[in-house]
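According to TrEMBL, the protein has these features:
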| type | residues | note |
| --- | --- | --- |
| DOMAIN | 323-606 | domain 'ABC transmembrane type-1' |
| DOMAIN | 638-862 | domain 'ABC transporter' |
| DOMAIN | 985-1273 | domain 'ABC transmembrane type-1' |
| DOMAIN | 1310-1544 | domain 'ABC transporter' |
| TRANSMEM | 62-81 | transmembrane segment |
| TRANSMEM | 101-119 | transmembrane segment |
| TRANSMEM | 131-149 | transmembrane segment |
| TRANSMEM | 326-347 | transmembrane segment |
| TRANSMEM | 359-378 | transmembrane segment |
| TRANSMEM | 438-458 | transmembrane segment |
| TRANSMEM | 464-483 | transmembrane segment |
| TRANSMEM | 978-997 | transmembrane segment |
| TRANSMEM | 1034-1060 | transmembrane segment |
| TRANSMEM | 1132-1152 | transmembrane segment |
| TRANSMEM | 1223-1240 | transmembrane segment |
| TRANSMEM | 1246-1265 | transmembrane segment |
């Protein structure tokens, strides 16, 4: 080395025992050159590969900044060459220069040349900043400090002026180059595709800006000054967008999924079917088609591992994050070592001998600051990389769940309800995302424990084994607790799924619950599930108590055991300050992983449960793409050959032996009784059913109109266009053909009116026509129409058939399959398919089927015999006469309303000018059953719009309320009140006592180590007096530990019990208030928004908020304790606390408005994700039928990305604040060290106490900021729950002082006395001073034109809307004086839409268990369901499925009829309840109602006038007023009456 350098590498005398630290020339020419240059040369190959792989595409512009960087780099290269030439010249002049000088110069010149190339290469590849080059220039600047002060101190300018000038010129250029590299170049113009959106500022930030989060300054400032809203932020970082993230994950998942399926096939794990043989097209007489040999799905079946797929996809991101954490972990152990040197320095400095150079103390202080800064930078980079990785992971999982939800088969769908799937997104994805930010703890904690143990051994020797032994004993306890926690998590999530599923169903059927007064029953059902969920939560809390107690006391127990062992076993028997506080610092480092590890294990367990749940869902079966084969040029649009179909492997086949061919361009009608398999046939053609045998082919694109129309929460136009491009002429044609023109004129925003969730502001008829218009506009080749005409009046149905479906309609050249209950359409179709018990029993033309006199003829005969009996007494029963009557009826339908098939419908849409001139409607009439001649005729339901906006785009769903400013103290008080006021005080009191004991133990340790008697008398260590003094210190130290243990145990028990109590109170308050909310609340609030409260917000209240509150208390009191201890040990530190405290407060106050608002916006933008998902799940069949799966997945991804913008901004702003506050913490460490150096009265114990606590403050402040932010973020969930706990409620369910008498109403007399009502305050009256007296036992038909107020009359009777004037009296009792449940439970209604809930058939009929099974069977018999239910395997306990999905729509309506018969009262309200059943069943229902409710008061809202012609009275409403009220005969005698014109239009007279 001497030959190479001409001097030694290090001279310890010059370096350590000098007035200034002098490094040798050899060290300066080798280490200080090789370190930065070696960094660039070693990292260059990797960096070049990175530039190649991650190239942005187009080169960046050649800017002044880039040119200056390049120029200065070349200047440095030249200066390095000049320096080498100068040295060579000096050598030629006789001044020897060692080889190390020339090598250093050459290396620097080559490295600067490489840096120049990299600068231009980066620009060419589209990179705007470089971490590699920034670090290179930074290292050069740092190592340049040594020659800088050395040249000045040694006065080199006197002897070597040229070299002196060259160096300082070099260093000035170097500083300029470093400063320039702190700024980023301009990005390429093609860097951002969407110029309309502001690019994420991180993409244009420099490396220094990225590691200091300087790029967030503009957002933080804006948030502080003006506040933030959804438009304030930028676009999502391209790295995090779903379009990049999702394909990477799905590609890996699909590979794993295919691999597992292939593996299962090889193992023979598959479903096998036996006994499928058919004889002559019929089933075997011995056995029907059954599934006898279905192997257990889980028996030997290998499922794809979601964890492995996630690891494969995101391992590189996690490695980057973990490398940062590794640097942090290693660097944090440098601080205790420097503390050891600092204590030794102070002890020597203040000793009588003295002799330590003063600069050493300052260097130690500076080293502490530098190490702390390094830890801060790498710690925050670890979190930032990991949490953004978690964000991408969440986006990918949500997209995968969306995709699976749109592709899974019926069996999988039955196993995973809407509520459960939403839970996967709202809870499970969130948990997996969160764990990404802490997953490093699984390897970092053991690493820290190992390193700390090794260093402790070096300080205390074998004594450390005592402490480690305690740790090892506690690990099995932790393992047992973890296993139990995992089991509890699985069970808790099952109960949570069940609760969300039930709440989702309840919200979907809330109107029915209110009409039947069933709220208490369903509240109890939710509470029962919640009770099970809370039981798991309580068990988990008890385990957490044990875990918290063990791991909170463990570090102290370890310290105590180690110190005691050392004192008793060491030769000196004295614990000096250096050993005590260095080991204490190491134990403090050890405390973090030990105390956090159980919590992280708990998080990992939760995340593992979530991964398993999501993996199970993603691994569920999809619809088999081979269910339907797509053909070309065969001429057969739909073909089924010997097809047998089932909904799932556990059920009997629904369709058997189906063979049919439907040629292109034909109109085919499918008829049959309720439950015969009509809708299933459509599903089979769409590929929605599992194909057991046979073959299905389809040629061409398809459009589908389901039996229950599916609406999106979008404008009416968007619902019709369904993603297609708007074509005005075609659009007008479709609108007119589907009889929607008059609807557009009445709707306040025309076709820009927003359709509420599930079409709440449209009637069934309107929804069906919009659904049909969507199909027609789609211009498909095959149209599958599942009974679209049942929800409209006959004359509107004729118009639609004429203009759309029939042979002269818009679809005349298309293939149409029409499921219908309307026999009047049968003569006008090309062929009729008759289904019975899942089989085609007949097919042919209308003529052929009538001549055949089979099932179809019997069906038609029974219907028309009943119809004609109402008109004529003498009927010839022969088939020919029936045929003639049918044809006569068909002609009647065609001439109905005076319209011929050739009539033109005006094809003009209302202009924006016309819409603007129209008054702003305060409500929207839903059902506009159009009279194409111009007059609109509505016999349908009236519903409401509740918000007034611009008439060119009526807004129904109100934007979600978002609080502004700080979280109000009332929210905190609400939570603490739920915990309990006294309990809250004691929780804080016990935690303060715990921290006081902790501080006391440290102060006592300082006194122990500074005890002069012990320190100066180690030679008499074996004497009893010396040992007694040691034992006294040790005993008090142990007493402090015991106090901590007792106090923390009491605190943990009290805290766990009280937070669960708070969860119970908040959930029950939310649940009760939601059930008591008026219907207007549900009409204007998306269900996803409400479900979000019950899922994500309650999850936060249950789990996240208690943990965050506990950790916030821990970090807050730790920080406070630190400041108290430092101030006690170094009083001069108080001078620094005040300015640092003010700076801390200002930074936090500057940041909080931004953080808080980001969290709120993130919460409100999360709801649309759930709402959209819930909406799509209901319409999956429609989406698949139109082939729009990809489009809806893209929409979902856009909503997720929009939400992630605010989440990303939130986590980045946490890093912004954390880094700045940690810098303040680092200054505290630096100040404590400096004061320790300059203070002459410092002792080793005091310095150790002060610095060891100061070292904790950085992490504590950082964690406290995070916990303060998280606490405020999580308390927002309480704020959101509180908001819904305080919404206006309905009147009392029961008014104790005004309860009706037993048996009320007895007669059923209903009197309206000058009654008026409106839907909300400030809206127009919908009923205006109605006065009418309906006698008990009368049958009254209620009819009227659009907006007449028919439905308003019925909902007023049930008090779904309250009186604005006047009163309603039933049997002498004013309904406004009694409770809602006393009223609603004494009335009966059969609603238009059949709503069932998941659960048994019996529960759906009798949720309160009021009736015996005999009465239930009697009601089923009267509802014509007894045979069907008797044939079910479980009878009354048959599971109806979510929303009654296991029953057909017609069967659901019959169940509702049975419910009505069971709950028979003196007053019955019918709201066109037979639209979804066939004519024969309709007649049976009408008979049943007339028979069973004889003597009752019946109020019927009529769509079909023929059903009310024999009623006692007809009430004609118009514009909220009763225009006519008389017997039908009298009204028909008056040609000027409104009812007469209606009857004439319906061809009844």
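Here the Cβ of each residue, glycine as well, is placed from N, Cα and C on the backbone.
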Check your understanding: Same-chain Cβ contacts of the transmembrane segment (326-347) under 8 Å, 6 or more residues past its ends?
Key -> 356, 360-361, 364-365, 367-368, 371-372, 374-375, 378-379, 382, 444, 447-448, 451-452, 455, 459, 577-578, 581-582, 585-586, 589, 1233, 1236-1237, 1242-1244, 1247-1248, 1251-1252, 1255
Revision key, fill the gap. Maximum Cβ pairs under 8 Å to the transmembrane segment (101-119) among 62-81, 978-997, 1034-1060, 1132-1152 is reached by 62-81
Review point. Where among 638-862, 985-1273, 1310-1544 do we find the most Cβ pairs under 8 Å to the domain 'ABC transmembrane type-1' (323-606)?
Key: 985-1273
Practice item. Within the domain 'ABC transporter' (1310-1544) only, compute the mean pLDDT. Key: 84
Exercise for review: Report, as numbers and ranges, every residue of the chain located at least six residues beyond the transmembrane segment (1132-1152) whose Cβ falls under 8 Å of a Cβ in that stretch; write 'none' if there are none.
Suggested key: 220, 224, 966, 1123, 1126, 1213, 1216-1217, 1220-1221, 1224, 1227-1228, 1231-1232, 1235, 1239, 1250, 1261, 1265, 1268-1269, 1272
Revision key, fill the gap. Sequence-distant residues near the transmembrane segment (1246-1265) by C-beta distance (under 8 Å, 6 or more away from its ends) are 335-336, 339, 342-343, 346, 368, 372, 375-376, 379, 577-578, 580-582, 584-585, 588, 592, 1002-1003, 1005-1006, 1009-1010, 1111-1112, 1115-1116, 1118-1119, 1121-1123, 1125-1126, 1129-1130, 1133, 1144, 1148, 1214, 1217-1218, 1221-1222, 1224-1226, 1228-1229, 1232-1233, 1235-1236
